[in-house]
Amino acid sequence: MKTFSVAVAVAVVLAFICLQESSAVPANEEQELEQQIYFADPEMPVESCKMPYYMRENRQGSPARCRFCCRCCPRMRGCGICCRF
């Protein structure tokens with residue numbers, strides 16, 4: 001019975017991995033999808049997506065430049081606030 005439980009668990013894990021891989025989007029298609037999403041609304045100007053830098057202090061007290069951007073900082077996987085210290 002224990003062997004059967006292990007076999008079922010392995011089958012479930014393998015099925016989950018296969019589903020995850022099949023639902024992944026290749027990198028070049030992902031960029032095209034993002035461009036379609038960003039430029040799909042003609043009424044929204046591109047400038048409204050770009051937020052200017054604003055000042056923020058880091059732990060040492062020196063000012064840091066932060067802005068909202070997409071994939072502009074290392075290890076960033078989407079859009080968010082990026083601060084370069």
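Using the three backbone atoms N, Cα and C, a Cβ is placed for every residue, glycine included.
Summarising the environment of C83 (disulfide bond), the number of other Cβ atoms within 10 Å of its Cβ, over all protein chains shown, is 13. DSSP gives C83 (disulfide bond) a strand state. What Swiss-Prot records for C66-C83 (among others) is disulfide bond.
Taken from Swiss-Prot, the feature disulfide bond applies to C69-C72 (among others). There are 12 other CB atoms within 10 A of the CB of C72 (disulfide bond), with all protein chains counted. In three-state terms derived from DSSP, C72 (disulfide bond) belongs to neither a helical nor a strand segment and is classed as coil.
Positions annotated as disulfide bond by Swiss-Prot: C70-C79 (among others). Of all Cβ atoms in the shown protein chains, 14 besides its own fall within 10 Å of the Cβ of C70 (disulfide bond).
The 10 Å shell around the Cβ of C82 (disulfide bond) contains 16 further Cβ atoms across the protein chains shown. Residues or ranges marked as disulfide bond in Swiss-Prot (evidence: similarity to another entry): C73-C82 (among others).
Per Swiss-Prot, signal peptide is recorded for 1-24.
There are 15 other CB atoms within 10 A of the CB of C69 (disulfide bond), with all protein chains counted. Within 10 Å of the C-beta atom of C79 (disulfide bond) sit 13 other C-beta atoms, taking all shown protein chains into account. Taking the C-alpha positions, the distance from C69 (disulfide bond) to C79 (disulfide bond) comes to 5 Å. A simple way to gauge crowding: the CB of C66 (disulfide bond) has 17 other CB atoms within 10 angstroms, across all the protein chains here.
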